[in-house]
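Database features, via TrEMBL:
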- 27-194: domain 'PurE' (DOMAIN)
- S35, D38, R87: substrate binding site (BINDING)
Amino acid sequence: MPADSVQSLIDQLHEEAEMDRPNDLTPDVGIVMGSDSDLPTMAGGQGKRPGAYAALADELGFEEQTDYTDAPESRFTFETFVCSAHRTPDLMYAYAETAEDRGIDVIIAGAGGKSADLPNMTASIAYPLPVIGVPVQEKSVDSVIGMPQGAPLTAVDAGKSFNAALSAVQILARQHDELRDRLVSYHEGLQTDVGEASRDLHELGTPGFKREYWDE
Ligand code: RP5
């Protein structure tokens, strides 16, 4: 029997699945991770590179939905949960089983350790919803990508939850031109950054560039 704190989440997920809310009021992307210790990799911060949260919220104009009865203003939203495949298998099952009925269009699932089972189990249960796996550590890569034939999972390299978010939005963008435009703008911004850095490196020279960019 799951702990009360887990059971109440499971109940909430099933209740939401029954609500049949309109798509523009439900999260488009679901982010799950095996432990809150995965949050620096999945969201970014605490000495880590930017993660899925930064890609969605800072770069692509998504808002995090924390209350299903009060959707954020942004049309495009995501939700975030911790679901451990090994410690809370019932919660993992409920999350994946209800995701499609709760309006989720794509899931980003991250886990660390050598038995990083959350992404692949979520992909199997949530099928045919697409799941993008994030190995939180290098040693999790084989576990995340090693799916048998007929059980698909798309995955990014270890720790690259930022790219997982971009891939999730690429999937959504096939139905939403606005997201396609945001992805194109983001990419153009990357090109601008490289061009500016290249010009500055060339014109300032290496010592000048280091002074300008590295010394705060
Ligand atoms: C995995 O075990 C989690 O995804 C996490 O990366 C790792 C360690 O979890 P904690 O012991 O920090 O909760 O299931």
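Any Cβ shown, glycine's included, is placed from N, Cα and C.
Those TrEMBL annotations? Automatic predictions, nothing curated.
Among the binding-site residues S35, D38, R87, the ones whose Cβ sits under 6 Å from an atom of ligand 1 are, in sequence order, S35, D38. Long-range Cβ proximity for S35 (substrate binding site), meaning a same-chain Cβ under 8 A and a gap of 6 or more residues, is found for V82, S84, A111, G112. Same-chain neighbours of the substrate site beyond S35, D38, R87, judged by a C-beta within 8 angstroms of the site's C-beta center, are, in sequence order, M33, G34, D36, S37, V82, S84, A111, G112. Fewest Cβ neighbours within 10 Å among the binding-site residues D38, R87: this applies to R87.
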